[in-house]
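**Q** Have a look at the structure that comes next, please.
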Amino acid sequence: MAGENHTTLPEFLLLGFSDLKALQGPLFWVVLLVYLVTLLGNSLIILLTQVSPALHSPMYFFLRQLSVVELFYTTDIVPRTLANLGSPHPQAISFQGCAAQMYVFIVLGISECCLLTAMAYDRYVAICQPLRYSTLLSPRACMAMVGTSWLTGIITATTHASLIFSLPFRSHPIIPHFLCDILPVLRLASAGKHRSEISVMTATIVFIMIPFSLIVTSYIRILGAILAMASTQSRRKVFSTCSSHLLVVSLFFGTASITYIRPQAGSSVTTDRVLSLFYTVITPMLNPIIYTLRNKDVRRALRHLVKRQRPSP
């Protein structure tokens, strides 16, 4: 049955924002501008953490990996979104193209969850167990955490994509979204959704709620350590360093939780798309801005890089 559907189903149709024609033009330019800023900002973070000796610590190593994920993440989604915004009609996407986009989307989303958790662990060890920092966060340990993040994403994506795209679909279904996200595609399956729905809910709990709980636990302990510091200046420095990561975590996990955990019965297609647009397009742009504006080391490295590029008088 599934095989027959796949051979007679050459493409899905992505609704995009074709039902909101008045917004398509303005949204096109906003998304394009945000995408360009995202590419520039994350590329700059990668460059700074690579060339600046002051940023060769585990914290900035994880930040560089996060920027790499953000670059791939937006590039998987935004170009097709721009094409959809430039068309007055739903755009076709092949069965294989939809599966590939979802696969990459899941790999990068899960990897980002794991990386944000690793960054919280880095801050916890640096502040609460400084004497063990070089041991617990050695280069080998950091590489292992990053490798595990990617491997976890690959395994999860392979499982979900295999389950979802083995289901039967009706002819030429319209996905009420601007990307091949898990829930909108899964809802279009004509039968056999139960196992995939259980898999998605399990993954949501494991990769959103558990990492978020670990991050919150880390920061509760960090807050206790900050309050125990005698020096006001030390407290401000530590809080400034941690607040950037906390803000990024709140943006990412907040919008992802609302999208995947809230009851679907009362949700609307427009609300789903707006929320997804925020965490897939807006958040990757905000991350480098947040880290640059709120982190003195990054700002200092940026000024130093600019001075080096200026021609001598």
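Here the Cβ of each residue, glycine as well, is placed from N, Cα and C on the backbone.
Features from Swiss-Prot:
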- Asn5: N-linked glycosylation site (CARBOHYD)
- 1-25: topological domain 'Extracellular' (TOPO_DOM)
- 47-54: topological domain 'Cytoplasmic' (TOPO_DOM)
- 76-100: topological domain 'Extracellular' (TOPO_DOM)
- 122-140: topological domain 'Cytoplasmic' (TOPO_DOM)
- 162-198: topological domain 'Extracellular' (TOPO_DOM)
- 219-238: topological domain 'Cytoplasmic' (TOPO_DOM)
- 260-272: topological domain 'Extracellular' (TOPO_DOM)
- 294-313: topological domain 'Cytoplasmic' (TOPO_DOM)
- 26-46: transmembrane segment (TRANSMEM)
- 55-75: transmembrane segment (TRANSMEM)
- 101-121: transmembrane segment (TRANSMEM)
- 141-161: transmembrane segment (TRANSMEM)
- 199-218: transmembrane segment (TRANSMEM)
- 239-259: transmembrane segment (TRANSMEM)
- 273-293: transmembrane segment (TRANSMEM)
**Q** Can you give me the average pLDDT across the topological domain 'Cytoplasmic' (47-54), rounded to a whole number?
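**A** For the topological domain 'Cytoplasmic' (47-54), the model's average pLDDT rounds to 90.
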**Q** As a test: from 26-46, 55-75, 199-218, pick the stretch that has the greatest number of Cβ pairs under 8 Å with the transmembrane segment (273-293).
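**A** Checked against 26-46, 55-75, 199-218; highest Cβ contact count belongs to 26-46.
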**Q** Quick one: find which recorded stretch in 55-75, 101-121, 199-218, 239-259 has the most Cβ pairs under 8 Å with the transmembrane segment (141-161).
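**A** Checked against 55-75, 101-121, 199-218, 239-259; highest Cβ contact count belongs to 101-121.
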**Q** Are there residues at least 6 beyond the ends of the topological domain 'Cytoplasmic' (219-238) whose Cβ is under 8 Å from a Cβ of it, and what are they?
**A** 120, 123-124, 127-128, 246
**Q** Are there residues at least six beyond either end of the topological domain 'Cytoplasmic' (47-54) with Cβ under 8 Å to its Cβ atoms? List them, or say none.
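**A** Distant Cβ neighbours of the topological domain 'Cytoplasmic' (47-54) are 60-61, 63-64, 67, 297-298, 300-302, 304-305.
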**Q** By DSSP, what is the split of the topological domain 'Extracellular' (76-100) into helix, strand and coil residues?
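**A** Output for the topological domain 'Extracellular' (76-100) reads 16 helix, 4 strand, 5 coil.
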